[in-house]
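Asker: First, the structure itself, so that you have it in front of you.
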């Protein structure tokens, strides 16, 4: 009875963590889209710096309340993480600017195989045939939903390459650092958010000017735009925290695979709130394929051998390989 109860609690915690991430991630996309479309606030990098500044304030309050304990994260690991994270943010913005929407979506889809490669190389993970096929089905479904015109140039390809690899490394490092140094999501955010906030607030205005040819100090701030900026920063606290919680509970690959549910939700909400053309048959079919792939992935990766961590050590003459219990 006790093991079943423990498993039920873990499952409930996993669902709650995932729903927290879905709600905050979709919410911030909708708010940011409204902020840019309605008020012309195109300073995405600086806005991300504001997000991490708000997150830093949250970690200070949590530390004061005792929810964040004293912990240690070596400076080289911290700087490496922040480097990957900042390259991810800037790289994605540049990739979206220099590439067609179709190629941008393909680049985002390629983060799943890149994350798989990192797990195979660093964690010695072996995927079963069903797990691999389910990932392919997810990629196919999301591609049908989102990929339309595809055009690419050399600088756009380089930007997408940097964005994909830095994002995959950043997400891998979240799981790696939590596991290596026994850091909770709150503790890891307490280490990384201040450095990201400082670096992005310093570099953000220059990067945004390079990308948009607009200066943030020339932006005509008014009450409605400030309300949306504050709302964006508030939701971002949940988004940043939920990402760390989810990757800590699952893995970077599972986070990416199931994360495409957010892509589908954003498509649906975009049609509802921004009055685009209706859900056509291509999008509906793509959604059905993607959801089927996600369900298949969850089932396949949770089976024995679905995602297996290979160990080279042998105990009492038997293989000591362990199954990765993160789905």
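Quick reminder: no glycine exception, Cβ is built from N, Cα and C everywhere.
Per TrEMBL, the feature transmembrane segment maps to 15-35, 41-66, 78-96, 133-150, 156-174, 186-207, 219-241, 253-275, 281-300. The domain 'Sugar phosphate transporter' annotation in TrEMBL covers 23-297. According to TrEMBL, the feature region 'Disordered' maps to 303-327.
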Asker: Honestly, do the transmembrane segment (41-66) and the transmembrane segment (133-150) touch, with at least three Cβ pairs under 8 Å and pairs 6 or more apart in sequence?
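Answerer: Contact between the transmembrane segment (41-66) and the transmembrane segment (133-150): absent.
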Asker: Summarise the model confidence on the domain 'Sugar phosphate transporter' (23-297) as a single mean pLDDT, whole number.
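Answerer: Averaging the confidence scores along the domain 'Sugar phosphate transporter' (23-297) gives 86.
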